[in-house]
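Working notes, structure below.
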Amino acid sequence: MSGRGKQGGKARAKAKSRSSRAGLQFPVGRVHRLLRKGNYAERVGAGAPVYMAAVLEYLTAEILELAGNAARDNKKTRIIPRHLQLAIRNDEELNKLLGKVTIAQGGVLPNIQAVLLPKKTESHKAKSK
């Protein structure tokens, strides 16, 4: 006989996602699908979506950590767009990367030009005498 009868063959291994294989939280399969559907290239290698998902995950974690620090500095427990704006604009590299990006409800960085500040005069010393 061929040996393919009712003998209990090896059970199929549990499916493991490419994200878990790579140790990522971001979806490698979805990134791969979007790369294929986006007409960026005729073919997409197997490593490209893994690398791209890892880069996206790293950038997201970096921004969220800085935004969480900004929220904590403002004594808040929830990150709002203002905290994202402060985090990105105060970080030199992220500001360069996202320089042309507008964040809705983000506001602006607090900045007063030095010439507009009141001058420190000698009158304070004269009053104390």
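Cβ from N, Cα, C; glycine included.
Between the listed residues Thr77, Thr121, Swiss-Prot assigns phosphothreonine to Thr121, with no corresponding entry for the rest in that record.
Each residue of the compositional bias 'Basic residues' (7-19) gets a DSSP state, and the totals for helix, strand and coil are 2 helix, 0 strand, 11 coil. Using a Cβ-Cβ cut-off under 8 Å and counting only residues 6 or more beyond its ends in the same chain, the compositional bias 'Basic residues' (7-19) has close neighbours at 25-29, 32, 49-50, 53. Taking Cβ-Cβ distances under 8 Å and a sequence gap of 6 or more within the same chain, Lys16 (ubiquitin cross-link) has no neighbours at all.
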